[in-house]
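Visitor: After the structure tokens below, expect a handful of questions from me.
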Amino acid sequence: MHSKDMDFVQMFVCFLLCWTGVDAVFNLKYTVEEELRAGTKIANVTADAKVAGFALGNRQPYLRVISNSEPRWVNLSPAGLLITKQKIDRDAVCRQTPKCFISLEVMSNSMEICVIKIEIIDVNDNAPRFPTNHIDIEISENAAPGTRFPLEGASDPDSGSNGIQTYTITPNDIFGLEIKTRGDGSKIAELVVEKTLDRETQSRYTFELTAEDGGDPPKSGTVQLNIKVIDSNDNNPVFDEPVYTVNVLENSPINTLVIDLNATDPDEGTNGEVVYSFINFVSNLTKQMFKIDPKTGVITVNGVLDHEELHIHEIDVQAKDLGPNSIPAHCKVIVNVIDINDNAPEIKLLSENSEMVEVSENAPLGYVIALVRVSDNDSGANGKVQCRLQGNVPFRLNEFESFSTLLVDGRLDREQRDMYNLTILAEDSGYPPLRSSKSFAVKVTDENDNPPYFTKPHYQAMVLENNVPGAFLLAVSARDPDLGMNGTVSYEIIKSEVRGMSVESYVTVNSNGEIYGVRAFNHEDTRTFEFKVSAKDGGDPPLTSNATVRIVVLDVNDNTPVMTTPPLVNGTAEVSIPKNAGVGYLVTQIKADDYDEGENGRLTYSISEGDMAYFEIDQINGEVRTTKTFGENAKPSYQITVVAHDHGQTSLSASAYIVIYLSPDLNAQEQIGPVNLSLIFIIALGSIAVILFVTMIFVAVKCKRDNKEIRTYNCRVAEYSYGNQKKSSKKKKLSKNDIRLVPRDVEETDKMNVVSCSSLTSSLNYFDYHQQTLPLGCRRSESTFLNVENQNSRNAAPNHGYHHTFTGQGPQQPDLIINGMPLPETENYSIDSSYVNSRAHLIKSTSTFKDMEGNSLKDSGHEESDQTDSEHDVQRGHYADTAVNDVLNMTVPSNNSQIPDQDQSEGFHCQDECRILGHSDRCWMPRVPIPARAKSPEHGRNVIALSIEATTVDVPHYEDCGTTKRTFATFGKDGPDEDRAEQRGRRQTAEPAVCSPKTNGAVREAGNGREAVSPITSPVHLKSPQSKASSTYNTLKCRDAERIANHSLLRQPEGKDSEPAMREINTLLQDGRDKESPGSKRLKDIVL
């Protein structure tokens, strides 16, 4: 509170003391910060009064505030609590006083007075604030450095150190800031000019002025300080040049620009505003011919210039600013008046409207649009004028003596261009020539030359069925580029029929091309229809064009399903089923029709009510079937309600009430369900597939059997040799008689007889000691003579394949025969000393012979080998037995040897089983007598030599040795041996090929003989031949070869074990080396 208020309080307190006679007066002082919210407790006066000696007596204390001193900021309760009434704002209570107090006087019930003073402590809750957002100061550029300009200060309601303490300005070199303190303690700022100002260099400055208080933390406020430098008239106007020279044509029109003068003054305002004027001593003629604009300095022609009167004008001009003490600037302008052809041609358009002429777009070429007249007041050549049209336009000028005509010179089309701006240029013959121009417009008027055209040739609209008659369907649009009535288009529907009715009964079109439906469409009746719309303009005659409109009527779910099966009577159908019907029994099938399409017509069936526990329905096909059996206590009838509803967006449905009677007379087994065509179709396809599969298997088996017969029954020698083997396990020792020399008295002395058979092949497979049969290479055997080969031919290429070629050696080199058969040489088994002396090599070697199926050697009468036959023995002698004991006994007889014929009624090989089961092929094989051993001196040289050679070539092809299919089951049963021999002879005469591999390879010369090298083959690759045999082979009849082979087989009926045989062979070979006989010498050569 102010001091005056405090004095009044003290005086009032003294008055109370004197008037009431109080006992004592006490003082209490409190200090609080401003901005306390209402209801804040300041102190407990009762407690503080006791401390201060304020005796309240023994009575209950009671305090009251004297009414004249009650403040509006605080409140004292009777119990002595001092509380704020409202938020205390020191700045509102005490303004700018250094200290702020509020006081109140309190009287107790003991008549004692207490004076309470509350000091309000200032809080820095206000930031300095400037009265405006910017401060503008104008300073003359003549202001000297050190000049001060007071600035408007900021205000801060806070006091003391929380008030404004300082001002700052944006740092710069031109102005500074000085802070001063007033008498009331407030701070003010003064702007100080520190450097000379130049407005022409910089006319404005902008800084930021900041006021900051002393609070903690301090608060601040800012304002923008704008300083404008005021100009002073310290510059004079200056012209660009002191003298200007210009040329002006005579008869130049008034206001023709002569020159634009420019004098600059860098001062501002009136100090820089320049005015122009002629100097007072300029002649009056010059002032009449020319004038100058005081503000712009533009000199223009003010009269008629005539070169003949005065051809030079000198004009003196001055320029000065409007500032005080202005100093003017001067310049001189020299004007030369140029003599010229000063009369230009004049052009006039002789038409009703000199600015525009009209022409129809159908105007023909040469059509006259307007007349043009051109004149020139000059005489002579200066008055002779030529005219032309400017630009590329479909017009031309036709010039005559005194006028010209404007003609159409091209096709006009208003739709392309409806207006032409023409300019006629006229030029006289003066020097320089004068030109003039005349511009006018040519408007092309419209003709009805364009028919309307639709924006597209086909329109389509989709509308839902059951539309409201008169509903908008679509709009067609046609355009006509013509104007007026020629471009006004009207529409109409071309007459046609839709389902036998006029199309106008379906749709209509208005003048704007909007098509509306006349009737409600039905998708089920009319799904789509087309019609044509004609667009016609208003020309005379009118032009038309057409467009096709297609209306597609979309389906709406507007058809309720209709029950068709079973037949309903008043919505009810009765069905009878057997009482003993089981689960899944077909009661009936519900069928309904819906004429809608898609989802609107797809129906689903369901049972909505009734005896649903006993029946169920297929949602798709509507079959009603039982779900449980009916017992003895079943009702006589059951009822269900079947509903068929479609799948439209708003589903429609139909229901049927089905009464199902249980009849004991019907039998549940008599039901024949509906035919499932899909199942029948699948079963039929499966049956066809099975039949085809079985047929393929049958054909494959038959082909395999035929191939087996072709591969198996082709060499009779092997067939006879195997047939003479006995089941006896008794082994016969090899004697010297088993090795014999073959006499040389055969048909040709330089050839030897070799049984050619595809079974004499070399295989890279390991030797199978459990194979029981000898596979034969062809169905009949033939003997082939080979030319004698020189000894040097033994150095042939090594074996690289499966097949070998047998070649003869020289006549002086006998070969080794074991049991009538030459010992073969394979790629793993060679006839040399190491192999002969090594048992292990012989056992591990691979033979050129392959066992044939033993089952095929015995016929049980069932046309094929029967493995259950008594002759079938899987433990029969091994291939080595046949190869060493039986096959080696086959020798080549001389020409004088006779082979006796066998009994035709019963063969030599017949057994008791033949009388019961029938004869087999082996029964008809003739018995060949054992030939006498040759004692000729040359016996040692005439032997069969087998030389194993191989050449790596393509797989050979075997030729079928007979056209008649032969097996062991049919051999000897299709005719006598003589007939078969004749047939074979005829075949061999016409076809001299052999069964051995075809010699597609080269035939190499070697000494006096020739070596036929056969291609490599494998027993498993038997193909048809590609070429005939080499001429090196001479073929014998198979019958002769069979007799020779059989003759040897009869001498050795039993098999021979390979190991004992080889031991005996080694012994014999050792004996032969000691004697050095020709035969042993030949054997040594073979072995080496």
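A Cβ is built for glycine as well, from the same backbone N, Cα and C atoms used for every other residue.
The signal peptide annotation in Swiss-Prot covers 1-24. What Swiss-Prot records for 131-239 is domain 'Cadherin 2', and it gives sequence analysis as the kind of evidence. Marked as Ca(2+) 10 binding site by Swiss-Prot on the basis of experimental evidence: E361, D413, E415, D449. Look at Swiss-Prot and you will find N448, N450, D480, D482, N486, D537 tagged as Ca(2+) 12 binding site. Summarising the annotation, Swiss-Prot assigns domain 'Cadherin 5' to 455-563 and lists sequence analysis as the type of evidence. Annotated transmembrane segment per Swiss-Prot: 679-699, in sequence order. What Swiss-Prot records for 792-813, 851-875, 970-1032, 1067-1088 is region 'Disordered'.
For each listed feature, how buried is it and what is near it?
Guide: Confidence in the domain 'Cadherin 2' (131-239), given as mean pLDDT, stands at 86.
Of all the Cβ atoms in the protein chains shown, 15 others lie within 10 Å of the Cβ of D449 (Ca(2+) 10 binding site).
The Cβ neighbour count for D482 (Ca(2+) 12 binding site), using a 10 Å radius and every protein chain shown, is 24.
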Visitor: Per DSSP, what is the residue count of the domain 'Cadherin 5' (455-563) in each of helix, strand and coil?
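Guide: Summed over the domain 'Cadherin 5' (455-563), the classes give 7 helix, 52 strand, 50 coil.
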Visitor: Return the member of N448, D480, D482, N486, D537 nearest to E415 (Ca(2+) 10 binding site) in space, with distance defined Cα to Cα and candidates limited to these binding-site residues.
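Guide: Comparing Cα positions, the candidate nearest E415 (Ca(2+) 10 binding site) turns out to be D482.
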Visitor: Applying the rule Cβ within 8 Å of the centroid of the Cβ atoms of E361, D413, E415, D449, what extra residues of the same chain belong around the Ca(2+) 10 site?
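Guide: Not counting the recorded site residues, we get N362, L412, R414, Q416, V444, D446, E447, N450, P481, D482.
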Visitor: Taking just the CA atoms, what is the gap between D482 (Ca(2+) 12 binding site) and E361 (Ca(2+) 10 binding site) in Å?
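Guide: Here the two Cα atoms lie 11 Å apart.
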Visitor: Express the distance between the Cα positions of D449 (Ca(2+) 10 binding site) and N486 (Ca(2+) 12 binding site) as a whole number of Å.
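Guide: On Cα coordinates alone, these residues lie 8 Å apart.
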Visitor: Would you mind splitting the domain 'Cadherin 2' (131-239) into helix, strand and coil residue counts from DSSP?
Guide: 3 helix, 55 strand, 51 coil
Visitor: Once near-sequence residues are set aside, which residues in the chain of N486 (Ca(2+) 12 binding site), 6 or more away, have Cβ atoms under 8 Å from its Cβ?
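Guide: For N486 (Ca(2+) 12 binding site), the qualifying residues are D446, E447, N448, N450, D480, D537, G538, G539.
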